[in-house]
Amino acid sequence: MALAILARRRAAEAVARRAHAPGAAALSAWRAYAAAAAAEESDVVVVGGGPGGYVAAIKAAQLGLKTTCIEKRGTLGGTCLNVGCIPSKALLHSSHMYHEAKTSFAHHGVKISNLEVDLPAMMAQKDKAVAGLTKGIEGLFKKNKVTYVKGFGKLTSPSEVSVDLVDGGNTVVKGKNIIIATGSDVKSLPGITIDEKKIVSSTGALCLSGIPKKMVVIGAGYIGLEMGSVWNRLGTEVTVVEFAPDIVPSMDGEIRKQFQRMLQKQKMKFMLKTKVVGVDTSGDGVKLTLEPAAGGEQSTLEADIVLVSAGRTPYTAGLGLDAIGVEMDKAGRILVDKRFMTNVNGVYAIGDAIPGPMLAHKAEEDGVACVEFLAGKEGHVDYDLVPGVVYTHPEVASVGKTEEQVKASGIPYRVGKFPLMANSRAKAIDDAEGMVKVVADKETDKILGVHIMAQNAGEIIHEAVLALQYGASSEDVARICHAHPTVSEALKEACLQTHSKAIHI
């Protein structure tokens, strides 16, 4: 029986490969393939092919578990790869190159005349990167023998997922263990309708057809500041409206203040402690009615484009979870134990669908740990040591506790800081705005938190993650030889300053 099913599946795959266009033969072959895959029960069925889901699927297969992954988009990588992390970083890099050419090249002896933005070419580069990476994941699935089913999956029991296939039809995928890895979606705001034309989410902000004259960003978190930076560099007048008194509230206070000053220096405007109480899209643009967060006199603000960036919400509705009794909290997050299992035996959840930081790399770690448990091994994720990065310029990266958190805990502590103005590599390349800050236990010298504002801070932070993971002291890092000249030396100097005294200040 198993050999017959395998033969049908291989035949269907061969037909699909020979089909050069999505004609009837190709669709029939794909449906036959999906049906053959569904007929065999998998050890693990992953619902969702984002960073958490596809990594879980590959790891499960590597551990010898028969694995199927169901993804509704028809392209793997989830929000992160398709309309999030990857395309935004592509535009951040492209816009930074343009901004550097416009503002800095001449200082380095490089003169350019008739500089202009070719937005279609910039978007094409972004799309090419996304397409290549999504196809790369499909290649990894084939390499690791992960069965890939394209369609929207809904649980009909703790061991069955009904899938409405992308190309039409329906199939049922059976699994001994089901992992919910459906990620998150854009969080909407009351009274504001996202149409992806005038009022856009981060998805719409990634594919604007022109450079708007004015943009309002609602929300001063990671995503809002990154996308605001992209369009600000390309010439848009960007105003960020934030209900809270500070930008990026999770960031260390001292770093946050310096970060905001840097963004303002780049001509981004901020309206903090402000809420949007009205939206008018009847004209050519958008007119917002604003009011102080505490109440008071109203004002108006006009823009061509409004980006709603108020966070994300778990994508858990419509998956059949209620019907089988899976418990969720008020925010729609699936509740799991330390092994990622829900209250329903055989049903697990990871990533943005459960409590914790909504970050792609956190979801990946969840996925690996979850399937390690399923394979009879031990998995572990330390949520206190998940690094966070804002990919602006300069970047801001952090891991561990902020100074405010350490102070509130009552732990005696020391702080060591080192400015990039004193770092030779940063000065040599004329990119020396920023600092490194280290917070350590005053009695044991154990590092409690590291916060970096610098070009490529997102790369440097991993040395700090490793140090915190293994309980290193500031002296431990200070005594490690760092290559010269590198911006990473600023971390060594900050640790020297924490433990004793920095050399270069």
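Backbone N, Cα and C define each Cβ position, glycine as well.
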TrEMBL annotation, disulfide partner among Cys69, Cys80 for Cys85: Cys80
Residue, out of the recorded positions Cys80, Ile223, Leu225, Met358, Ala360, whose Cβ gathers the largest set of other Cβ atoms within 10 Å: Leu225
Top Cα neighbour of Leu225 (NAD(+) binding site) in the set of binding-site residues Lys89, Thr182, Ser184, Met358, Ala360: Lys89
Length of the line joining the Cα atoms of His484 (active site, proton acceptor) and Lys89 (FAD binding site), in Å: 28
Pairwise CA distance, Ala360 (FAD binding site) versus Cys80 (disulfide bond), rounded so that it is a whole Å: 7
Segment confidence, the domain 'Pyridine nucleotide-disulphide oxidoreductase dimerisation' (386-494), expressed as mean pLDDT: 98
